[in-house]
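A short write-up of the structure that comes next.
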Amino acid sequence: MGRPRVLSGVQPTGALHLGNWLGAIRNWVDLQDTHDTFVCVVDLHAITVPHDPARLADDTLNTAALYLACGMDPQRCSIFIQSQVAAHSELCWLLNCVTPLNWLERMIQFKEKAVKQGDNVSVGLLDYPVLMAADILLYDADLVPVGEDQKQHLELARDIAQQRINARFGSEERPVLKVPKPLILKEGARVMSLTDGRSKMSKSDPNEGSRITLLDPPELITKKIKRAKTDPKRGLEFSNPDRPETDNLLGLYAILSGKGREAAADECADMGWGQFKPLLADAAVAALEPIQARHKELMADRVELDRVLAKGRDQAESVANASLERVRDALGFAKCS
């Protein structure tokens with residue numbers, strides 16, 4: 001029996017930030033040694049909302065390069081661009097044809113984003129969860145790393161696989177699609193905004209000061225941390241519900257400095273913010289320096305980056321096409337020799 005397979009990805013819209021790294025990519029790096037790992041840049045999802053076509057290609061390559069710079073190893077995982085594997089779009093259509101409309105209309109993220117877009121909301125945004133289901137189910141993923149905001153989408157993928165495909169077109173002995181399970185991420189999965197300790201750090205936040213991106217220069221990192229929201233109390237502590245910003249910033253320091261929560265809490269127990277913030281800024285700059293240096297090397301060598309992504313695409317296609325063929329057969333499509 002082979003290693004369990006895991007599939008994950010992130011959109012290329014907006015710059016990747018500390019939350020993406022500490023909450024997701026860092027976990028993917030660890031999974032490479034124990035799991036059959038597929039990681040993709042989900043550029044098809046990026047166009048479900050208004051986007052800038054002049055930036056999409058560069059943003060996609062930048063995101064792929066950051067995966068590699070953060071420690072994803074093409075010798076131990078498959079890194080690819082979603083739109084370069086045609087099976088994603090075809091399986092999405094097949095799943096669309098068996099998925100009830102009301103399943104999609106109840107998705108919380110769709111409701112929230114539809115309010116923002118008003119009459120301009122696209123069918124693609126409504127269908128986003130079905131495309132995500134296709135992404136997952138194509139690779140026979142055993143596990144899918146998910147945060148709180150994606151749990152409902154994974155449940156939909158499981159329901160489509162089990163109730164709409166396997167139950168109708170397969171059998172208990174020979175299911176058409178593997179039903180994935182969620183992989184709960186370890187500590188550090190929720191990095192909060194620098195401007196609101198109760199909100200998750202997000203690429204979509206209009207306030208750029210709310211996040212530290214992986215490519216922010218040292219002076220900008222220092223500036224953002226200096227301006228980060230705090231409280232008037234002296235001394236830093238964890239797990240005080242009345243001090244969410246303190247919990248978030250101290251947690252970042254514990255991770256970025258490598259000291260861990262206990263040592264960080266002891267070190268900062270009597271500190272004021274004027275003493276602590278430079279320490280956090282230095283830790284963030286030092287942690288991101290090797291990532292930024294490696295990213296610069298990769299973006300300067302497009303031939304190598306293209307080679308890695310082409311290899312990942314080929315590996316992904318071999319798995320995805322086999323899964324797609326099973327679904328096509330189960331649904332009764334004709335074959336021509």
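Glycine residues also receive a Cβ, built from the backbone N, Cα and C atoms like all the rest.
Remember, predicted model here, so these are calculated numbers, not experimental data.
When Swiss-Prot is compared with the stretches 75-79, 155-159, 200-204, the one noted as motif ''KMSKS' region' is 200-204. The range from 3-11, 12-20, 48-56, 165-173 that Swiss-Prot describes as motif ''HIGH' region' is residues 12-20. With helix defined as DSSP H, G or I and strand as E or B, the motif ''KMSKS' region' (200-204) counts 0 helix, 1 strand, 4 coil. Residues of the same chain lying 6 or more positions beyond the ends of the motif ''KMSKS' region' (200-204) and with a Cβ under 8 Å from any Cβ of it are 11, 13-20, 147, 149, 190-194, 210-211.
Here the C-alpha separation of Lys203 (ATP binding site) and Asp135 (L-tryptophan binding site) works out to 22 Å. Taking only the Cα positions, the spacing between Val191 (ATP binding site) and Asp135 (L-tryptophan binding site) is 25 angstrom. Averaged across the motif ''KMSKS' region' (200-204), pLDDT for the predicted model comes to 89. Under DSSP, residues within the motif ''HIGH' region' (12-20) fall into helix, strand and coil as 3 helix, 1 strand, 5 coil.
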